[in-house]
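*Asks:* Let me give you the structure first, and then I'll get to my questions.
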């Protein structure tokens, strides 16, 4: 594989070189796997699929893949998407049950259907048809997380305006007759240690872009909840005429702003990737100053950046970068704004 290294003076951003692999969090084995795929002549889509798939196998931080983040009924379900920036095709699965390789199934949605997003048990049936094993995603770890949560009166959870009081009891809940619309507390319920997604952007040697995500979603979510990860433009976005982006954090808040799409559009207008990422975070801050989240961005020259929202306990965001100027996949850190 021929590596074309182009040095670009881009302010605070790094020197640009192609190809580049960038992924959220310090998920090193995911970065290494994706880079190896490129080095051995695999496509950008292959690199994204295998890189994110590595996190599904490793159960990165317990928040990707099987055996983590049980929902309110104790089940682990998966969300994933993959996007081809050449054709703008997207394959995605949400609320996927009993199948471990969610991003692999998402890729099959592109290859074998005319659809974009499949959900729930039907997505699992599709996966089995495509040759994926039907397996239990529950582990002792996820069962213990679930029972611990039940013992803590189901705290924290994602209900509001219900009786009995969801901050003190496990329900079952009913809607309150009188709904009092307090301004919603948009501070994130989830632990900032629950890094809840791998997002990855790969830009090939000719500037071709692919992106993808995989997650098991917010811990103790309501069954059926789908976050930003499998939604094109929210969890990630790729366009080979501009660049790619991927988001991580509080998906319920972030998906309302289509941050990955927005970041790519800023880069299309010539905005530096770091600045594009920062502008996206600033837009969300206006409505949800306490949200937990971060975004990574890379343009078609291989220039890249990241940004995050500063909240107590989360002042820096770690992400991985691989390109020909680095001797190996390297962890990088950005200060939150």
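Using the three backbone atoms N, Cα and C, a Cβ is placed for every residue, glycine included.
The active site, nucleophile annotation in TrEMBL covers 197. The substrate binding site annotation in TrEMBL covers 225, 226, 227, 228, 248, 249, 250, 251. Annotated signal peptide per TrEMBL: 1-17, in sequence order.
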*Asks:* Express in Å, rounded to the nearest integer, the largest CA to CA distance found among the substrate-binding residues 225, 226, 227, 228, 248, 249, 250, 251 named in the record.
*Replies:* 16
*Asks:* Say we define neighbours as other CB atoms within 10 Å of the CB. Which of the binding-site residues 227, 249, 251 has the fewest?
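*Replies:* Looking at the binding-site residues 227, 249, 251, the Cβ with the fewest others within 10 Å is that of 227.
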*Asks:* How big is the Cα-to-Cα gap, in Å, between residue 248 (substrate binding site) and the residue listed as 'active site, nucleophile'?
*Replies:* 6
*Asks:* Around residue 248 (substrate binding site), how many other C-beta atoms are within 10 angstroms of its C-beta?
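*Replies:* Summing over all protein chains shown, residue 248 (substrate binding site) has 30 other Cβ atoms within 10 Å.
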*Asks:* Using all protein chains shown, find which of the binding-site residues 225, 228, 250 scores highest when you count other CB atoms within 10 A of its CB.
*Replies:* 228
*Asks:* For the recorded positions 197, 226, work out the Cβ neighbour count at 10 Å and name the residue with the minimum.
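*Replies:* Lowest Cβ count within 10 Å among the recorded positions (197, 226) is 226.
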*Asks:* Could you state the whole-number distance in Å separating the C-alpha atoms of the residue listed as 'active site, nucleophile' and residue 225 (substrate binding site)?
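*Replies:* Counting only the Cα atoms, the answer is 15 Å.
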